[in-house]
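Asks: Input: one structure, supplied below.
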Amino acid sequence: MDGMQVLSLITTVFTIGMFMAGIPDCLKIFKTGSTENVLFLPFLTTNMNNILWASYGYLKSDPTIITVNSVGSFLQTSYMIVFMIYSPTKVQAFQRTVLACATMVFLYLYFSMYIVTIDVILNQLGLVCCTVTVLMYVSPLSEIATVFRTKSTSGISLPLTITTLFASSLWVLYGVCVSDLYIQIPNIPGVLSSLVRIYLLWNYQDTTAKPIT
């Protein structure tokens with residue numbers, strides 16, 4: 001097993017571990033029969049991201065990207081199904097899912113009907129994947145703002161933060177090894193946001209939530 005195969009294996013393990021972060025939420029839903037404090041949108045957006053990246057990996061004939069994101073999509077779909085079974089807002093979740101599916105169909109038709117070369121498709125699809133991933137990594141910034149405001153890190157998961165840090169760092173390295181900026185660039189925010197979370201966990205480890213006055 002050469003160095004690239006080792007990197008691919010480790011990257012796959014850490015990334016799938018990151019995608020498994022929704023399992024505790026699903027177990028909580030099963031146990032309580034309620035989706036309270038569990039958000040549907042992260043499952044949906046991560047699933048879309050997985051499907052886009054799996055498509056990108058297929059066009060590039062990259063088994064690592066295909067495997068990781070196929071497993072990720074399966075997990076996110078499972079989380080979505082569990083959420084919709086128990087959620088009192090099934091209609092809203094279903095509407096968002098339909099909108100996401102319509103967006104994916106539109107992208108498929110665009111790439112299959114209006115783009116004629118694989119290189120152009122890879123560049124444009126890579127840009128879409130890159131943009132979606134960056135948005136996913138920066139979207140929880142409100143969580144960081146809440147920590148600064150309340151001086152409490154109760155909403156930050158240390159295992160997920162560590163897993164995300166390793167997964168993002170490994171994908172940056174993987175992108176360097178395969179000379180793909182579309183893989184490198186979107187994972188840099190993941191590294192940075194994870195480091196910020198680790199700092200917050202360290203800085204506020206001995207404090208508890210304070211009432212906002």
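Heads up, residue numbers simply count up from 1 along the chain you see.
Heads up, the Cβ atoms here are built off N, Cα and C, so glycines get one too.
Just lifted these from TrEMBL, have a look:
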| type | residues | note |
| --- | --- | --- |
| TRANSMEM | 6-27 | transmembrane segment |
| TRANSMEM | 39-59 | transmembrane segment |
| TRANSMEM | 65-86 | transmembrane segment |
| TRANSMEM | 98-115 | transmembrane segment |
| TRANSMEM | 121-138 | transmembrane segment |
| TRANSMEM | 158-176 | transmembrane segment |
| TRANSMEM | 182-202 | transmembrane segment |
Asks: For the transmembrane segment (6-27) and the transmembrane segment (98-115), check the count of CB pairs under 8 Å (sequence separation 6 or more) and say whether it reaches 3 or more.
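Replies: When sequence-distant Cβ pairs are counted, the transmembrane segment (98-115) does not touch the transmembrane segment (6-27), since fewer than 3 lie under 8 Å.
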Asks: Would you call the transmembrane segment (121-138) and the transmembrane segment (65-86) in contact, using three or more Cβ pairs under 8 Å, pairs 6 or more apart in sequence?
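Replies: Checked: the transmembrane segment (121-138) vs the transmembrane segment (65-86), no contact.
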Asks: Could you name the stretch, out of 39-59, 65-86, 182-202, with the greatest number of CB pairs under 8 A to the transmembrane segment (98-115)?
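Replies: Per the Cβ under 8 Å count, 39-59.
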Asks: If we skip the immediate neighbours and take only residues 6+ beyond the ends of the transmembrane segment (182-202), which ones have a Cβ under 8 Å from one of its Cβ atoms?
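Replies: Counting only partners 6 or more residues beyond its ends, the transmembrane segment (182-202) has Cβ contacts under 8 Å with 56, 65, 126-127, 129-131, 133-134, 137-138, 140-141, 144, 147-148, 153, 156, 158, 161-162, 164-165, 167-169, 171-172, 174-176.
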